[in-house]
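According to Swiss-Prot, the protein carries these features:
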DISULFID  Cys235-Cys237  disulfide bond
DISULFID  Cys268-Cys271  disulfide bond
Amino acid sequence: MDKIIKSIAQSGAFRAYVLDSTETVALAQEKHNTLSSSTVALGRTLIANQILAANQKGDSKITVKVIGDSSFGHIISVADTKGHVKGYIQNTGVDIKKTATGEVLVGPFMGNGHFVTIIDYGTGNPYTSTTPLITGEIGEDFAYYLTESEQTPSAIGLNVLLDENDKVKVAGGFMVQVLPGASEEEIARYEKRLQEMPAISHLLASKNHVDALLEAICGDEPYKRLSEEPLSFQCDCSRERFEAALMTLPKADLQAMIDEDKGAEIVCQFCGTKYQFNESDLEAIINDKA
């Protein structure tokens, strides 16, 4: 089961979140049939949103949009504060690797664009923030958002490793934030440790990668685990929701679906689930509108 572990240094100088998101990203790949680069880009976005949602309280919903002008198109993710996330990428078929190393490429195919977050607190006044894409690698773009928009300097690591068949092998990430009151000496020590950390791809390849991430972040500094919470890919779409959407269409459009297509098929963008509405279903919707 995927999980996020929240911890804090006993000195109170920093906090760290580490995530295992392997099942989340694997299910997203399965549902959207993404190729290598698209899988990694979508996976990193989902992990970023899991971190962002874990930082919220109440029943907030958080939308992350990575909007580029190159091959990927838009990547959209929605998460809640209960550990659920869903998402999709416009172009599922990007599959580019470095010839020499086999490294999956992401940044060069994101292009210029923006990292957009929308936090809906359920009050009818969602908070929206937009920052430019810095590298297109998503982790750096997320860190820039946290620094610029939330005024919280953060170290971020996100990645998805694929097996020889380009299926998700492991996915996860971390966030480290210095807390108010940390001394200059403590800040310098944590910065040095982060700079000397192995690459996240190396840490994720470890047998117990969540523990490996925590150990690399904290080193010999004593820390306390605050919580361990489950994470999952879960879509909240339903037949009833799409039926309500059909109810908003003009009768003429619904009748055209009956006459020309003998029904309608609606596919959820977030999870790929298909909902069929036959002629009788559409006629009932038309009658309900009368």
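Here the Cβ of each residue, glycine as well, is placed from N, Cα and C on the backbone.
A straight line from the CA of Cys237 (disulfide bond) to the CA of Cys271 (disulfide bond) spans 8 Å. The CA atom of Cys271 (disulfide bond) is located 6 Å away from the CA atom of Cys235 (disulfide bond).
Cα-Cα distance from Cys235 (disulfide bond) to Cys268 (disulfide bond): 9 Å (rounded to the nearest whole number). Annotation for Cys268 (disulfide bond): spatial neighbours Cys235, Cys237, Phe242, Lys274, Tyr275, criterion Cβ-Cβ under 8 Å with sequence separation of six or more. Its own atom aside, the Cβ of Cys271 (disulfide bond) has 18 Cβ atoms within 10 angstroms in the protein chains shown.
Other Cβ atoms within 10 Å of the Cβ of Cys235 (disulfide bond) number 19 in total over all chains. Around the Cβ of Cys237 (disulfide bond), the number of neighbouring Cβ atoms within 10 Å comes to 17.
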